[in-house]
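Engineer: Heads up, here are the entries from TrEMBL:
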BINDING   157, 158, 159, 223  NADP(+) binding site
DOMAIN    1-112  domain 'Tetrahydrofolate dehydrogenase/cyclohydrolase catalytic'
DOMAIN    131-272  domain 'Tetrahydrofolate dehydrogenase/cyclohydrolase NAD(P)-binding'
Ligand SMILES: NC(=O)C1=CN([C@@H]2O[C@H](COP(=O)(O)OP(=O)(O)OC[C@H]3O[C@@H](n4cnc5c(N)ncnc54)[C@H](OP(=O)(O)O)[C@@H]3O)[C@@H](O)[C@H]2O)C=CC1
Ligand SMILES: Nc1nc(=O)c2c([nH]1)NC[C@@H]1CN(c3ccc(C(=O)N[C@@H](CCC(=O)O)C(=O)O)cc3)C=[N+]21
Ligand SMILES: [Mg+2]
């Protein structure tokens with residue numbers, strides 16, 4: 001499944017939509033500290049936004065910034081009618097309470113869909129904004145005409161940004177959902193039941209073909225940088241290739257879809273006014 005290509009199509013559509021409707025979507029992007037991976041993602045987001053006609057207002061704050069200063073910046077953007085979306089890149093330095101920051105962002109401007117109010121709406125199948133990675137996965141599956149309804153979906157990982165919201169989205173799509181994690185016993189026995197397997201563990205190439213049944217759909221969320229500088233997922237792509245019916249590559253799979261969904265949600269917010 002080619003996420004890079006679909007993401008490109010979506011970004012082109014968004015660009016047309018922005019131009020046709022005379023929108024000027026504005027996204028505040030806040031990066032704290034100098035984690036190299038975070039800097040790459042933020043740069044990718046800024047570049048994608050610019051091409052679509054979304055204006056970003058960027059803040060790169062030192063890791064030593066106080067929690068109060070960060071909160072004040074968020075409050076300022078909450079009140080600013082010209083800003084449609086606020087994104088605070090995670091992870092934050094240990095000195096800052098991530099939950100507190102996530103809660104401070106106005107739910108109406110929560111383009112990441114991480115606010116508990118928005119997660120609650122999602123959980124009750126009345127979503128307002130959605131976490132971008134799980135939303136991107138749903139769009140990718142839909143594009144390839146893979147309908148989760150009635151399917152056995154197994155998710156490996158239960159983070160707030162991927163595994164948990166993914167489970168809610170799949171349940172909303174009428175899948176039968178199993179969520180596994182580091183305490184799961186007999187993981188392979190669970191994952192082999194999957195019609196659709198979604199892996200988000202942060203463990204490089206952890207799952208090989210022995211973890212899936214023939215013809216499974218495999219979505220690899222992982223982005224792991226190896227010592228030689230190469231980028232690999234949480235599944236062993238080569239091993240799965242002959243056995244899976246559909247498989248997402250890393251890079252070029254879920255990652256670009258995440259960014260496309262962030263752009264889409266920013267445009268949606270601007271349209272709502
Ligand atoms: N492509 C994209 O757009 C995105 C990619 N990512 C990537 O996805 C991966 C996961 O990210 P994220 O969800 O934030 O990670 P977290 O570290 O927050 O969560 C990892 C999850 O995997 C589980 N896990 C870890 N090891 C194992 C194991 N050996 N067996 C079973 N479960 C295990 C953990 O279990 P437990 O809860 O018990 O600790 C946890 O629930 C990373 O590689 C990250 O870089 C993340 C976000 C977006
Ligand atoms: N507030 C917040 N929102 C996020 O959505 C968020 C976050 N914090 N923190 C970190 C994770 C991770 N994440 C990725 C986004 C794009 C790629 C991506 O574009 N990956 C490319 C490769 C990029 C590269 O070359 O490094 C690909 O897979 O093809 C990866 C990972 C968003 N996250
Ligand atoms: Mg963290």
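Even glycines carry a Cβ here, placed using N, Cα and C.
Any TrEMBL annotation is an automated prediction that lacks curation.
For each listed feature, how buried is it and what is near it?
Structural biologist: A sphere of 10 angstroms centred on the C-beta of residue 159 (NADP(+) binding site) encloses 16 other C-beta atoms. A coil conformation is recorded for residue 159 (NADP(+) binding site) in the three-state DSSP classification, outside any helix or strand.
Summarised by DSSP class, the composition of the domain 'Tetrahydrofolate dehydrogenase/cyclohydrolase catalytic' (1-112) is 58 helix, 19 strand, 35 coil.
Averaged across the domain 'Tetrahydrofolate dehydrogenase/cyclohydrolase NAD(P)-binding' (131-272), pLDDT for the predicted model comes to 98.
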Engineer: If you run through the domain 'Tetrahydrofolate dehydrogenase/cyclohydrolase NAD(P)-binding' (131-272) with DSSP, how many residues end up as helix, strand and coil?
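Structural biologist: Each residue of the domain 'Tetrahydrofolate dehydrogenase/cyclohydrolase NAD(P)-binding' (131-272) counted once, the result is 54 helix, 26 strand, 62 coil.
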Engineer: Do you know which of the binding-site residues 157, 158, 159, 223 end up with C-beta under 6 Å from ligand 2?
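Structural biologist: If the test is a Cβ under 6 Å from any atom of ligand 2, the answer is 223.
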